[in-house]
Amino acid sequence: MHVLPQAGPQRPDTGPIPVAGRPALLPPRLREGDVVAVATPSAPVVTPRRLDRGVAALRALGYEVRLGPLAARGVHDGTPDQRAAELNSFFRDPGVRCVVASLGGLTSNAVLGALDYDALRADPKIITGYSDITTVLLAVLRRTGLVTFHGPTLLPELAEYPQVLPYTRDGFLRAVARPEPLGRLSPPDERTEELLYWDEADDRPRHTLPADGWRWLHPGSGTGPLVGGNLETIGLLAGTPYFPDFSGAVVVLETTSTDVRNVERALTHLRMLGVFDTMAALLLGRSFRGPEGFEATLRRTVGALTAPYGVPVVAGMDIGHSDPMLTLPLGVRARVDSSTETVEVLDAAVR
């Protein structure tokens, strides 16, 4: 068994905390032939055929792939030190240009105190993921100012059969491979919510449905950096040095909950933390396999909670646990304007 070196005692990074208005640190764009590393900072990889398909998909896009040793551990999680050490090995390697999380999970927050933020300041890299990986994305953004990417992970998205969904693929490549703004974002034509168990039944394309489009819950316009991720996961960072600066932000939220009471509780927590006080706009992801009527109930709940703040709110966006999905560069400015029903990313996310 390959045992990673220990990452040392967990302690908060002592580097500078970026403040609102500080210019974003951009990673170099991803080029054909670059090395994409696959890290496992949270849940273990237990579906080897799905893993192989994801690696093949990255290679088909023109990248070399370096698979972290934790992907081969099977049903056992790595320790927090081992998971942090795997990430740090990629952060410190000048040959690695992009780090893709294998999948989400529940415990990525355990690695934050042992990450080498100095290495990322010295050699910025593309980091992509969502769900539980929200903690890593936001911690890196907070501690370094490096733009991170709320986007696909390897197994759920890049290993889709028979290929990555085109909307997901194209959005990811536009964000990480082109040194230009994403510009106006648009919803997909189709979506899927079909669940096929990995390595058991995922050997055919999933059935698709017509997409519902995005809904404007409140009018207005606002501009600010994109900041956010998974609603339940963001709350885990409250009171830590890794909680993001939401001042003037276009807040991005998506949830895996199918109980609107849990969503209301988590949103109320963010409101009590002051997240909504200075936000420029709110982008809300489409619900994740909720029961019939849940999406409408979610919109009503979010609409009521955010009404006092007088900012534009867009719901049903293809963010996070949504197939296909957008890639949103966190730390990059976006403009949201209900008069033209526009959500537009204004700045390049890579250089």
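All positions are counted from 1 along the displayed chain.
Every residue gets a Cβ built from N, Cα and C, even glycine.
Record note: among 1-23, 208-230, 1-23 is the stretch given as region 'Disordered' by TrEMBL. DSSP classifies E254 (active site, charge relay system) as strand under the three-state reduction. Looking at H321 (active site, charge relay system) and E254 (active site, charge relay system), their Cα atoms lie 7 Å from each other. In this structure, the C-alpha atom of E254 (active site, charge relay system) lies 8 angstrom from that of S131 (active site, nucleophile). Note: S131 (active site, nucleophile) has non-local neighbours L103, G104, G105, T153, N230, T233, T256, G320, H321, i.e. same-chain residues 6+ apart with C-beta under 8 A of its own C-beta. In three-state terms derived from DSSP, H321 (active site, charge relay system) belongs to neither a helical nor a strand segment and is classed as coil.
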